[in-house]
Amino acid sequence: MNLQRFPRYPLTFGPTPIQPLKRLSEHLGGKVELYAKREDCNSGLAFGGNKTRKLEYLVPDALEQGADTLVSIGGVQSNQTRQVAAVAAHLGMKCVLVQEHWVNYEDPVYDRVGNIQLSRMMGADVRLVSDGFDIGIRRSWEEAMESVRQAGGKPYPIPAGCSEHPLGGLGFVGFAEEVRAQEAQLGFKFDYIVVCSVTGSTQAGMVVGFAADGRANRVIGIDASATPERTHEQITRIARHTAELVDLGRPITTADVVLDTRYAGPEYGLPNDGTLEAIRLCARLEGMLTDPVYEGKSMHGMIDKVQLGEFEPGSKVLYAHLGGVPALSAYHETFRNG
């Protein structure tokens, strides 16, 4: 496997820490050891997160093309767009963000706080659009890029989650290589890796990276899209493309892509009672915060799978904390009493 041939622009602090979740493990019976890899602490750029790791491989391409404006898209409380805005500010580039109405959640301050507030503070041109949730290529995003061209700028396209970008899976191939180096220091290997999936390139990169040592199907995606068939297809397609890019040496099969669909409800961006319980439990036992859109759902999935006995006794499970906490303030009614 050859990830090193791709240029990488450093935006992160370095390898993200792996933290034992001792109290949560004990609370759940102590038969499974839980750990978290803290991608939410990976950068000084506006709280970082998983997209910052991905953007390290997109930035060299943007610079080589002579782009002057990063153009991205997401929901109103998109973590992706906040991280793109931070990278643009860091590079001295302009930034245009299309923020669609992906979540059926009404709150008078939803579009004024959290991620979107931070993006505005960093100077991004934020454009609110009424279109609903979709993980594919969007006309509103293409129109934003054309508007930059018409104004004499040179846009660089960054799709939702970086996922439809040809280089979008590379960052989390690197994640897997990083975990292997940390496992060598820890003296053990993780039996499972739990990760939230929506647009797909995070899990796709992990699948490719862990396929190198036979653990592709030990990457357990927890769907948060509530459109699991499309998400599974997108993960698989991105993984196959990424495997070719890095010369994995074997094809990615549908069996390599494991996506648990039980925890996405009631729909994208809205938590169910189990997700809210998981968010509060993790916060109160570990002081680790998760959000109701993404990480709360993957935390719910991991906790439930432990309780159901779906991880063998003695298993070591790594939870990939991808970020997302800045969105919590947009759900202030949900968490008004903690």
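Every residue gets a Cβ built from N, Cα and C, even glycine.
For reference, Swiss-Prot has these:
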- SER78: active site, nucleophile (ACT_SITE)
- LYS51: N6-(pyridoxal phosphate)lysine (MOD_RES)
Message: Under 8 Å between C-beta atoms and at least six apart in sequence, can you list the same-chain neighbours of LYS51 (N6-(pyridoxal phosphate)lysine), or say none if there are none?
response: ASN79, GLN80, GLN83, VAL84, GLY161, CYS162, GLY323
Collapsed DSSP category at LYS51 (N6-(pyridoxal phosphate)lysine): helix
